[in-house]
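Features reported for this protein in Swiss-Prot:
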- K103: active site, schiff-base intermediate with DXP (ACT_SITE)
- G164, A190, G191, N212, T213: 1-deoxy-D-xylulose 5-phosphate binding site (BINDING)
Amino acid sequence: MSSQDTLTIAGKSYQSRLLVGTGKYKDFAETRAALDASGAQIVTVAIRRTNLGQNPGEPNLLDYVPPSRFTMLPNTAGCYTADDAVRTLRLARELLDGHDLVKLEVLGDPTNLFPNMPETLKAAKTLVDEGFKVMVYCTDDPIQCRMLEDIGVVAIMPLASLIGSGMGILNPWNLRLILDQSKLPVIVDAGLGTPSDAAVAMEMGCAAVLMNTAISGAKDPILMASAMKKGVEAGREAFLAGRVPRKLYSGVPSSPTEGLISTAK
């Protein structure tokens, strides 16, 4: 793939279109090994669950995943109100020396981790007003995605299916509507389970995919990280190449019919 085909978010370009979470691995060493295998440059971190220095004496993720090597994307996993999400990302900015690229997620239900969109919209407005560059986990409702875009976020991140479900893209038609209307990067977030899921998202024209459980929950997370990298790259190349149109009857044989050698005796 051309080095000029880059993912651009908030004015910064990246070669990798696979964003990876840092949770649920057996330890930080495995986290780093999976990140290296995935080729990811942007890694997302749950501020409420991961030590970035706020707990001295405990293992610090930044010792294994340094900001000099990776772009950190602090997220608000575990937040159920706009106020909690905003406070969490203010803390992240302090811990990461003014870092302002963040992932907003405000959850509505602990059993399915579906986003609470009224609270998400409220938090997004506050964070944008405070100078954050906000990437947003959201539903696949095209209208609410447009509202987020109007607020001034830098990326739309609709779910493919429920977080951690591994069910893949359940509603490709809504995702298609979002892709057609959006002027921002659309990054599929949540629910992907296999490299083929990632490839489908990229073939549709998504700018990138983000995943955590699909890699960390695999029997061999390092091998799965490598597989996901290949799936994303294959899907992106297929999108750029332009697939053959679907049609019931081709009408034209794929092999030439002129100049055939006669079998008549």
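Using the three backbone atoms N, Cα and C, a Cβ is placed for every residue, glycine included.
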A correct count of other C-beta atoms within 10 Å of the C-beta of A190 (1-deoxy-D-xylulose 5-phosphate binding site) gives 25
Counting other C-beta atoms within 10 angstroms, the emptiest spot among the binding-site residues G164, G191 is G164
One should report the C-alpha separation between G191 (1-deoxy-D-xylulose 5-phosphate binding site) and the residue listed as 'active site, schiff-base intermediate with DXP', rounded to whole angstrom, as 17
Same-chain shell around 1-deoxy-D-xylulose 5-phosphate excluding G164, A190, G191, N212, T213, C-beta within 8 angstroms of the CB centroid, reads L162, I163, S165, G166, L192, M211, A214
Note: in the chain of the residue listed as 'active site, schiff-base intermediate with DXP', residues six or more apart in sequence with C-beta under 8 angstroms of its C-beta are T44, L73, P74, N75, T76, V134, M135, V136, Y137, M157
For T213 (1-deoxy-D-xylulose 5-phosphate binding site), the nonlocal same-chain Cβ neighbours (under 8 Å, six or more residues apart) come out as G21, K24, I163, G164, G166
Listed in sequence order, the residues of the same chain lying six or more positions from N212 (1-deoxy-D-xylulose 5-phosphate binding site) whose CB sits under 8 Å from its CB are V20, G21, T22, G23, K24, T44
Mapped onto three states, the DSSP assignment of K103 (active site, schiff-base intermediate with DXP) reads strand
